[in-house]
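Trainee: One structure coming up, written as structure tokens, with questions to follow.
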Amino acid sequence: MSRPDQAARRRAIAAELHVSPTFDARDEAERRIGFVADYLRTAGLRACVLGISGGIDSSTAGRLAQLAVERLRASGYDARFVAMRLPYGAQHDEADARRALAFVRADETLTVDVKPAADAMLAALAAGGLAYLDHAQQDFVLGNIKARERMIAQYAVAGARNGVVIGTDHAAESVMGFFTKFGDGGADVLPLAGLTKRRVRALARMLGADEPLVLKTPTADLETLRPQRPDEHAYGITYEQIDDFLEGKPMDDAVAETVLRFYDATHHKRALPYTMFDWPGHPA
């Protein structure tokens, strides 16, 4: 791909993902807190629900949600934020999860261990005759089951509390398609949408997060065989490079092509379910 064509695609993708050419942390916090508060009030809902993993994305989204419901209560509208701990058995980074909760200061915290449900599903699939190519493939499938069990738990609480599920997706994860479809990608409201990873970190700092939380190595931590595997190992490039791509900064052509390959391969994750009328590969 020529450089002009590559640059044009970068601009188009950044616009699609709502990445602004400018950024002010205080302004963005105000916009996003107001968005969540307005959404709840307009929809007549009373709660926000979010799983807090111990990473910077869920911590930042959780703090924004907590501030939004506090704003609503100050205006006379009753709303609460429910933070959920959703470990698969013992959590490797338990201390980080506790640090995140201390930053978020949620109205309420519920803990649900997804291990029994995830393991039961894996066993039920085996009993039904599903076989895997190897242990690595089985572990990959189990990882996605974990993410989807967490989604089920959050929606169960949201349903019981007349609330919405808050998602943690932002532009850097979205462009790479780095989320489980109908797992952590399943949510009602995305307060971090349009932000690059460095901007999420800047927003967290402005909101008062401490540096160990802000700078924690991002990991989905879904694989049992490779616990705490950094996101960047899966990408083969860094978040700094992904952010440069989205923010229109100078970068190596090969790195830009890597981002474009991930973007093209994961288009289905950013779309609603296809019909014959809207799938690009099928003439309507």
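Cβ atoms are placed via backbone N, Cα and C, with glycine included.
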Trainee: R148, D188, H268, K269 show up in Swiss-Prot as binding deamido-NAD(+); which entry in K181, K197 does that record put in the same site?
Mentor: K181
Trainee: Have a look through T180, T219, T224 and flag the one Swiss-Prot assigns to the ATP site that G51, I52, S53, G54, G55, I56, D57, S58, T168, K197 belong to.
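Mentor: For the ATP site that includes G51, I52, S53, G54, G55, I56, D57, S58, T168, K197, Swiss-Prot also lists T219.
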Trainee: With the cut-off set at 10 Å between Cβ atoms, which of these binding-site residues ends up with the most neighbours? Options: G51, G55.
Mentor: G51
Trainee: Among the binding-site residues listed here, E173, D188, which has the most company in the form of other Cβ atoms within 10 Å of its Cβ?
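Mentor: Its Cβ has the most other Cβ atoms within 10 Å: E173.
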Trainee: Considering all pairs of residues in G51, I52, S53, G54, G55, I56, D57, S58, T168, K197, T219, annotated in the record as contacting ATP, what is the maximal C-alpha distance expressed in whole angstrom?
Mentor: 19
Trainee: Where the distance is taken from Cα to Cα, which of the binding-site residues G51, S53, E173 turns out closest to H268 (deamido-NAD(+) binding site)?
Mentor: E173
Trainee: Hey, what's the widest CA-to-CA gap across R148, K181, D188, H268, K269, the deamido-NAD(+) contacts in the record, in Å?
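Mentor: Max Cα-Cα spread across the deamido-NAD(+) binders: 18 Å.
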